[in-house]
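Copied over from TrEMBL:
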- K83: active site, for sulfotransferase activity (ACT_SITE)
- K83, G84, G85, T86, R87, R164, S172, K289, G290, R291, T292, H293: 3'-phosphoadenylyl sulfate binding site (BINDING)
- 25-39: compositional bias 'Pro residues' (COMPBIAS)
- C272-C284: disulfide bond (DISULFID)
- 74-309: domain 'Sulfotransferase' (DOMAIN)
- 21-67: region 'Disordered' (REGION)
- 1-18: signal peptide (SIGNAL)
Amino acid sequence: MLFLWLYMFYSCAGSCAGLTTRGSPAPPRVAPPLPPLLPGEPGEESSLEEQRAAPDAGSPISSFFNGSGTKRLPQAIIIGVKKGGTRALLEFLRVHPDVRAVGAEPHFFDRNYERGLAWYRDLMPRTLEGQITMEKTPSYFVTKEAPARISSMSKGTKLIVVVRDPVTRAISDYTQTLSKKPDIPTFESLTFKNRTTGLIDTSWSAIQIGIYAKHLENWLLHFPIGQILFVSGERLISDPAGELGRVQDFLGLKRIITDKHFYFNKTKGFPCLKKAEGSSKPHCLGKTKGRTHPDIDQEVVQRLRDFYRPFNMKFYQMTGQDFGWD
């Protein structure tokens with residue numbers, strides 16, 4: 001009899017809970033309060049229903065709804081330099097199955113730092129155990145605050161700098177600006193504070209970025225030289241597989257990206273991928289890459305080479321690499 005009574009009690013527990021006394025309205029159901037949003041997280045724009053339904057980022061349920069893996073802060077960052085070949089390097093690296101990278105430049109450590117690490121992490125792709133999370137923002141290399149900020153996030157972050165002949169880089173930088181603002185002054189007029197005296201205007205960003213030794217000194221205050229890999233922009237064009245081999249070694253990855261992944265596009269003048277990430281088709285960088293440079297007065301080019309030479313020599317000594325720019 002006791003067992004029969006218990007059976008009836010538990011059977012009724014679910015269905016009888018909603019019954020009320022005849023004539024008495026059922027009490028309204030109150031939704032549980034929403035958890036507070038972390039400062040700076042982009043969830044503020046999502047609906048309340050989406051916030052309630054969203055599983056925790058690190059839970060197994062999250063993996064079921066949002067794809068397997070976890071969003072992690074990057075273990076490696078391509079920090080520079082602008083017009084050095086950073087986009088090409090990132091696209092090449094994304095072919096590797098153990099590399100997951102953000103496509104767009106987050107600009108977290110220079111423009112969006114106040115948004116917080118939670119916001120930054122949310123931008124990252126999901127990774128599985130053993131995969132590397134990466135991003136690239138070339139302006140970090142010349143941002144004074146970036147080294148300390150990245151070190152504060154993780155002192156073990158691996159840094160990659162793609163460098164290129166600073167004179168060619170400056171002309172490429174100018175060419176990009178010219179394509180957007182056709183009415184800007186000539187390269188020659190922007191290069192000098194006073195052309196008669198030959199004084200170079202180092203306040204012009206196109207010139208200033210190429211003083212690599214000066215910027216590197218700031219990074220070495222926070223990171224050992226062995227934690228920074230310097231990739232030659234020139235060799236990235238002439239021998240992409242060779243440079244990618246060095247990068248894969250630096251990141252502790254198996255050398256999967258090899259010569260078989262590249263072909264040389266004579267029209268663009270640089271290597272392209274036979275198969276891009278997630279595609280079976282060949283892939284070259286967009287029309288904004290490989291622009292034709294304007295003709296620059298050779299006297300101005302020589303003046304710039306003379307200006308950069310001592311900085312280049314110091315940079316070679318600091319990195320232990322001769323990039324052959326002179």
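Placed from the backbone N, Cα and C atoms, the Cβ positions cover glycine too.
Annotated features, which come from TrEMBL, shown on the structure.
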residue: K83; record: active site, for sulfotransferase activity; contacts (Cβ under 8 Å, 6+ apart): P138, R164, R169, S172, D173, Q176
residue: G85; record: 3'-phosphoadenylyl sulfate binding site; contacts (Cβ under 8 Å, 6+ apart): V162, R164, V231, G233, L236, I237
residue: T292; record: 3'-phosphoadenylyl sulfate binding site; contacts (Cβ under 8 Å, 6+ apart): T175
R87 (3'-phosphoadenylyl sulfate binding site) versus C272 (disulfide bond) - Cα distance in angstrom: 12
Cα distance, R87 (3'-phosphoadenylyl sulfate binding site) to C284 (disulfide bond), nearest Å? 11
Taking every residue in the domain 'Sulfotransferase' (74-309), the average pLDDT works out to 93
